[in-house]
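For reference, TrEMBL has these:
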REGION    126-148  region 'Disordered'
REGION    166-233  region 'Disordered'
BINDING   CYS329, CYS331, HIS337, CYS414  Zn(2+) binding site
DOMAIN    337-655  domain 'Histone deacetylase'
ACT_SITE  HIS466  active site
SITE      HIS639  site 'Contributes to catalysis'
Amino acid sequence: QPPLAQRLMMQESSLAQFALQSTASLPAITLGLPATTSARGEAERRPLSSLAHRVPVLNGPVLAGPHSPLFIPAGLEQHEPGSPLSPRLQPLIILEPSVTHAPLVAVPSLGQVPFSFSPSLLSLPGHHKPLGRTRSEPLPQNPKSIQQQLVYQQHHNQFLERLKQQTHLGKRMAKSSEKPRLQQIPSSEDMEAEGSLPEPGADSTDPARTCLEPTRSGSSGKEPERTQKVMQPQEELVLQQAYLWDSYQRVQQQLLKRQPLADSSMVPSIHAGHRPLSRAQSSPATATISLPAQDTTSKPLSLPVQEQPAKPHFTTGLVYDSVMLKHQCSCGDNSNHPEHAGRIQSIWSRLQERGLRSQCECLRGRKATLEELQCVHTERHVFLYGTNPLNRLKLDNGKLAGILSQRMFVMLPCGGVGVDSDTIWNELHSSNAARWAAGSVTDLAFKVATRELKNGFAVVRPPGHHADPSTAMGFCFFNSVAIAARQLQQKGKLSKILIVDWDVHHGNGTQQIFYRDPDVLYISLHRHDDGNFFPGSGAADEVGAGPGEGFNVNVAWTGGLDPPMGDPEYLAAFRTVVMPIAHEFSPELVLVSAGFDAADGHPPPLGGYKVSAKCFGYMTKQLMNLAGGAIVLALEGGHDLTAICDASEACVSALLGNELDPLPEESLRQKPNPNAVRSLEAVLQVQSKYWVTLQRFASKLSCSFLEAQHHEAEEVETVTALASLSVAVMVEKRPQEEPMEEEEPMNQ
């Protein structure tokens, strides 16, 4: 049997050898394993030395067509067609000879391995199927049926042509008919992400968009405000269209009557209220003409104009969109992947069930632009993970071909594709979801910074705080919180931003991005275990560098799970480290990387801590005392659905200003465990030289919450007593001085 490369239809090309990542070098967040040096970024920039195999050189054919990405797993030749994949991770490489892409098509004989073919491979010999026909059934073989179908198609095309001329859409149709590239038909949510909310600065006449959106009935798309000024001509136009529509229906009904009953399913019938084929976008048009399907005289025709959105109320903003649900592994089994779409679905449903969503301003968010992503990430990283075959058609960048020509992924045991053993990659949807998460957090942060909203909570995925400028890892592709902070610095002109990260894993990406920046204070509370817990970074002595020295604070918990950290430890950290430093820094806005994997309910590899949902609500309320209450929480990690729903509910309730449930009495009376006290002592020892306010808390690290409150009350009483005493002394001295001043004039 000839090798795989010769069994497929291919085109001449030549490829050099590519090094692939081995499983030993990959960080594993699901196993809690720390990242090695090579896995933190070197794996993307140079070949690994401990390789067990390489992809063979393919001299000659690659894959059909010059526009097709190729997925090649190592050792594919050794597997029989349809045989199960090896239990180990299969290294995988995607080769893209061109920036233009054809849709991905599954090949049943190759099992779970995704391949891509150009449309020419899938076309059948004979006549080309007309574009007006979109049904999947084969064309009828009966000559009479074929003739009737062609007549129907001809009448349909004539009607559309006359309607186009009457509505003055010739220019728009002409542009969209030049070199049509109907390579992929996206779903409605894809079109929402790609079309209905265009990126800032995007050209509305982009050829890639016009192939998805050929016409907008009744609107030229340039000046919608003219619709009311030209109402008189429009009324005449509506009458003409009604006449055309009526005549078109009569012809169609005649054709349908002639069509045999067995072939009736072959002709797409027009039902009442069906949307015209000329509009294929899921969002409502700016101005549309409703064409009745039955009686043109009974229902008046109108030209509704889209109203301006109402100004949001000054309350808590919630951002969520279903676009982020589509980032899923191709295996379809969420049990293999802790970071799945059910996380944000569950949180969004819980907020609805508890009546919290109705008290908030719900936002859809938006997709981050490539320029916004590059304010934090490298251009190479943005092109690798911020583009997909659909929106790459819009890009005209010579660098893109070289960057995409050597993308390295791994084949997961489940049969899907990932950038490492945890972080799955969906070629069509992952980039959209990651960009939507980053853009949504940024948009919400700007609304809070400008006081359009009081505060906010972003229900987004995939998370972002592990993504550094050039590496995707730990479920993260783009660092949403870091992008929002940088945009607030550059465009919002904010000079002091606080980022608090209470995810159980250290935000290595956020720390690296702002390590030399004195205007962004990063405080992280995370399980560290002396570098033996994922990602391995975040020691207490990592304090920043250069001008940013002292503006990086790591509360690095050590001691493993003996015992696990919980409410008493986190309350002590907030009381002695987080809030004193934050008050001294005095930020203008607070961003929270709100991962809930420290919550009770997560297995040891994913956290193993015992923080309650009420404690997360309390920490949120504490942070609301900063920056005039301007605070934005963005979901990061957290994989136990009940735990993250409870924690999210508590945080949103705190943001709304609702009265929180009291913390458990046991948590308030319990002292922090010895491992936590040692961890906090290490933090104070390092950070005291940068923050003078920490010195007075050194003797109170081992106090319980209630003991600390008692000491603070005693201090307040002491200060008040001293102040009263000093006032009394002043009053006592004052009468003795006044008579002396009065006696002097009398002696004179």
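Each residue, glycine too, has its Cβ placed from N, Cα and C.
Because the structure is a prediction, the values reported are computed rather than measured.
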Cα-Cα separation of CYS329 (Zn(2+) binding site) and HIS639 (site 'Contributes to catalysis'), in Å? 16
Provide, as an integer number of angstrom, the distance between the C-alpha atoms of HIS337 (Zn(2+) binding site) and HIS466 (active site). 17
Cβ contacts within 10 Å for HIS337 (Zn(2+) binding site), all chains included, total 21
Using a 10 Å radius around its CB, how many other CB atoms surround HIS466 (active site)? 32
What whole-number Å value do you get for the CA-CA distance of HIS639 (site 'Contributes to catalysis') and HIS466 (active site)? 16
Overall pLDDT for the domain 'Histone deacetylase' (337-655), taken as the rounded mean: 96
Please report the distance from the Cα of CYS414 (Zn(2+) binding site) to the Cα of HIS466 (active site), rounded to the nearest angstrom. 23
Near the Cβ of CYS329 (Zn(2+) binding site), how many other Cβ atoms are there if near means within 10 Å? 21
Rounded to a whole number, how many Å is the Cα of CYS331 (Zn(2+) binding site) away from the Cα of HIS466 (active site)? 24
Taking the recorded Zn(2+) site as CYS329, CYS331, HIS337, CYS414, identify the other residues of that chain whose CB atom sits within 8 Å of the mean position of the site's CB atoms, giving them in sequence order. GLN328, SER330, GLY332, ASP333, ASN334, ASN336, LEU412, GLY415, GLY416, ILE424
